Amino acid sequence: MTYRDMLLEAAHSFSSSETPFLDAVLLLCCSLDLPKEKVLAMLPDRVENVPTSFHEMVERRRRGESVAHIRGFREFFGREFLVNDNVLSPRQDTEVLVDAALESGDALSKAFNTGEGASHLSVLDMCTGTGAVAVSIAAERPQWRVSASDVSPSALDVARENARRLLPSPSISFIESDLFFSIEGRFDLIAANPPYVSRAQAERLVGAGWKDPLLALDGGIDGMKFVRAIIMEGHKFLSQNGVLLLEMDPFQIPEATALFVKEGFCDIRTWKDLAGRTRVAGAHHG
């Protein structure tokens, strides 16, 4: 049997995965502690001494556990973030929230006549989880002042560790807060990836074996509980002409944009994810 045969056999058992062969490759990379390029080069070779850990990982994936939680980290915006059962594993869709934040922040800097990447720009990443959004923004724009908040102390521990690992000089301020409850001051830009799955769907996912915590998935009866709350309260924490950005389900975008208008926001924009679905909505206030 070649490595290709072994990986195809494993992939065939991942019935719930959209990328079964890639999943198998990544698990073998983790088991052998080899880069993906090296494992792909081995595909025609005959299998020799595959660690037991690979077969154990395959069984965990077959039962529905995510590759990220099995490996203990997830690639996001070109960096590897630690993940565990206390945090939502960052999705590729969320990278568009980082793109939107960088684009909007650069535009704000120019509007302030201070140049792209101005050092005084203040950013808040809400519902930070692993810290993927906050760390990515801080890494791409080290001059900006970035804060990150989450209601979960355990999630903040993961976010702090990711900041320590991935930033040359960690400067993110971490805040334990239930949405805006413990937030003080105003920010030029607020980005949020709140829970936006309906409660019933979140409970089904967790019941089916998802390792993401229910707290990070459950967006209330219709999934819009936190999206609504952030839009309705956000203007109180934005500086003049500040920008609020939220990731959500594409089906939630129309209600969110209508709520932006109702709450006095203007210049409403949307951004699409790699699949072409509208994933992020944002607007200015003041």
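Positions of Cβ are set from backbone N, Cα and C atoms, glycine also.
As annotated by TrEMBL, domain 'Release factor glutamine methyltransferase N-terminal' applies to 6-72.
The domain 'Methyltransferase small' annotation in TrEMBL covers 121-203.
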The domain 'Methyltransferase small' (121-203) - residue tally per DSSP class, helix then strand then coil: 28 helix, 22 strand, 33 coil
Secondary structure content of the domain 'Release factor glutamine methyltransferase N-terminal' (6-72), with strand meaning DSSP E or B: 42 helix, 1 strand, 24 coil
